[in-house]
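Per TrEMBL, the features are:
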- His121, Asp144, His146, Asp148, Asp255, Asp257: Mn(2+) binding site (BINDING)
Amino acid sequence: MTKITATTTIEPSYKHYPAKKLSIIAAPFSGGQSKLGVEKGPTFMLKHGLQHQLTNLGWTTQVQHPFSQEDYSTRVKSDTKDMLAHIKRPQLVGEAAQLVYGAVQEALSHNEFPLTLGGDHSIAMGTVSATVEKYPDVGVLWIDAHADINTLDSTDSGNLHGCPVSFLMGLNKTGKLECPPSLQWVPANLKPEKIVYIGLRDIDATEKEILKEQGINAFSMYHVDKFGINKVIEMALMLLHPETAGVGPIMCSYDVDALDPLFVPATGTPVRGGLTLREGLFLVERLAETGDLVGLDIVEVNPDLAAHDVHVSDTIAASCAIARCALGETLL
Ligand SMILES: NC(=[NH2+])NCCC[C@H](N)C(=O)O
Ligand SMILES: [Mn+2]
Ligand SMILES: [Mn+2]
């Protein structure tokens with residue numbers, strides 16, 4: 001046992017990125033759901049000073065723009081024919097996620113840590129698949145109130161931000177609705193044992209079946225309450241890397257609606273009873289401590305859905321804090 005003193009603190013490290021180069025990938029896309037404004041997430045986080053904050057943590061940073069904010073918001077508003085049965089905007093979602101995929105591949109090819117700022121969660125089809133390509137044994141931690149594993153056949157809403165995991169796992173290749181050409185590029189390289197959820201509390205009945213069928217490990221808010229967030233994260237790491245006692249590359253796809261709407265009110269599908277701000281930050285502090293974090297998404301920040309300015313600043317401050325804690329900020 002190392003002696004604990006009042007000043008004992010964690011030591012974040014990044015063994016896969018010894019040069020501490022960071023690529024901030026802006027993914028201002030809203031077409032995976034129906035509420036405009038989520039494309040403003042990256043701009044607001046950057047305006048809050050995120051790049052400077054991460055530079056202060058010792059990273060050499062650059063911002064990538066695989067597409068512009070206007071690009072897709074204009075097309076999302078005007079393109080009403082982009083439908084497959086009741087599935088909304090498969091063409092735009094496929095295109096945007098593929099551009100994000102390319103940007104993450106590019107960052108990883110230069111050994112830059114990819115930090116992707118959404119936009120809605122459909123862009124994770126690109127971030128996760130590019131990361132699995134580079135790190136085949138990576139474990140994905142999906143932090144979310146939702147499971148986002150609906151298939152084309154099972155989705156009620158037709159919103160593709162509720163479906164990225166099913167595409168990542170290749171579950172739309174055999175369904176009734178045929179996978180549209182725009183989404184056929186998704187490599188489907190994520191195995192069910194290589195994803196673990198934390199924070200779930202609003203899961204469709206169809207999704208529950210898929211989770212069971214696929215044998216996917218999920219920690220809902222019940223588990224967080226029962227075991228505490230520390231135990232939950234340790235169990236999650238063990239499940240993702242069982243052969244090496246929890247050690248191995250980790251990617252984190254962080255939907256800010258995992259946090260309670262008290263802390264993150266400006267998001268498209270808020271659900272009460274979520275993680276406290278400290279639980280949500282502890283999660284990523286712990287990942288920083290493993291030395292094994294290889295990529296991070298922060299998604300579903302929608303500044304337009306705030307009732308007043310304090311809602312906006314609370315949401316943006318929490319979202320930027322997630323990035324900082326994952327990338328080396330410590331309390332002491
Ligand atoms: N990324 C999110 N916030 N997803 C919410 C998904 C909600 C619901 N399960 C759906 O399929 O539409
Ligand atoms: Mn969610
Ligand atoms: Mn999500």
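Including glycine, each Cβ sits where the backbone N, Cα and C put it.
Here the features listed in TrEMBL are placed on the structure.
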{"residue": "His121", "record": "Mn(2+) binding site", "DSSP class": "helix"}
{"residue": "Asp144", "record": "Mn(2+) binding site", "DSSP class": "coil"}
{"residue": "Asp255", "record": "Mn(2+) binding site", "DSSP class": "strand"}
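Here Asp144 (Mn(2+) binding site) comes close to His121, Tyr197, Ile198, Gly199, Leu200, Ser253, Tyr254, Asp255, Asp257, Ala258: these same-chain residues lie at least six apart in sequence, with C-beta atoms under 8 angstroms from its C-beta. Of all the binding-site residues given, namely His121, His146, the one with the smallest number of surrounding CB atoms inside 10 A is His146. Every protein chain considered, the tally of other Cβ atoms within 10 Å of the Cβ of Asp255 (Mn(2+) binding site) stands at 27. Shown in sequence order, Trp142, Ala145, Ala147, His161, Ala258, Thr269, Val299, Glu300 are the same-chain residues outside His121, Asp144, His146, Asp148, Asp255, Asp257 whose Cβ sits within 8 Å of the Cβ centre of the Mn(2+) site.
A C-beta separation below 8 Å, combined with a sequence spacing of at least six in one chain, links Asp148 (Mn(2+) binding site) to His121, Ala124, Trp142, His161, Gly162, Cys163, Pro164, Val165, Asp255. Cβ contacts within 10 Å of Asp257 (Mn(2+) binding site), excluding its own Cβ and spanning all protein chains shown: 27.
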